[in-house]
């Protein structure tokens, strides 16, 4: 039986600015997304007949039609009926409901995996276009690396690869934040600040292109990068979830941590560390400051790629 294993990296947001409303109900965004080494593994195995089945090593993850792996497989098969039956098995390592694109990267891995498995020969832009139908951050997960993401997040502009940055990632395991709630609350509280015209939004994007964050990233300067992080959703999530605010503060004040910020709509928080030793020391400092068994911490790093093939057996 033919098998394939892929690694699906998580992402963090170095930058998330909400520019305004879109006619389709989404928000117009300007984001800098970054792939990190923490990732899931998706195994594909050829099966007799048609159809797809999904298993997972986490009992608390849906493995039915709601899962983006199956949604992605079914969407691709509608365009390419020659795709045969496949059994998927997911080794879940990215925390669930964390603002790290765990579901989207798994769906992206399904698209990439089926393309390889079935010999479709799709280009990356073709895969990204299909991914955009399934989720706003799924095109980024296909591409990976360091990207400026605009529109609702699906329009990608590659940025120069970063040197490997050491990171600490932290999340209360049982806590999740609804992404629609976070954006809806932001609209309620700050909608009067939205840019109302296309020229105004275009000018804002041009300013971001020429601004200090992208300059720091081009220079590979972690200290300067840390000085220019931004996540607009912190303004609504942190007051509503004080434990996330405390976690962000504690991590950000650890020795050797240059800055800390929430990723996406949360509740995960990441810190940029001076080096791997400082990252590991920060983990111990956070554990001492917040003695909660529900708090999970990881030491990881930035990477320059998206979905990658690990093994292919024929």
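Any Cβ shown, glycine's included, is placed from N, Cα and C.
Copied over from Swiss-Prot:
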| type | residues | note |
| --- | --- | --- |
| ACT_SITE | 11 | active site |
| BINDING | 95, 96, 97, 98, 99, 100, 101, 102, 103, 104, 105 | ATP binding site |
| ACT_SITE | 137 | active site |
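Projection of Swiss-Prot feature records onto the structure.
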residue: 11; record: active site; contacts (Cβ under 8 Å, 6+ apart): 33, 34, 35, 36, 100, 101, 105, 137, 140, 141, 144, 263, 264
residue: 95; record: ATP binding site; contacts (Cβ under 8 Å, 6+ apart): 102, 171, 173, 268, 296
residue: 97; record: ATP binding site; contacts (Cβ under 8 Å, 6+ apart): 176, 177
residue: 99; record: ATP binding site; contacts (Cβ under 8 Å, 6+ apart): 13, 177, 179, 262, 263, 264, 265, 266, 267, 268
residue: 103; record: ATP binding site; contacts (Cβ under 8 Å, 6+ apart): 67, 68, 135
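Around the Cβ of residue 137 (active site), 26 further Cβ atoms fall within 10 Å across all displayed protein chains. Take the mean position of the Cβ atoms of 95, 96, 97, 98, 99, 100, 101, 102, 103, 104, 105, the recorded ATP site; other residues of that chain with a Cβ within 8 Å of it are 10, 94.
Most other Cβ atoms within 10 A: among the binding-site residues 101, 105, that distinction falls to 105.
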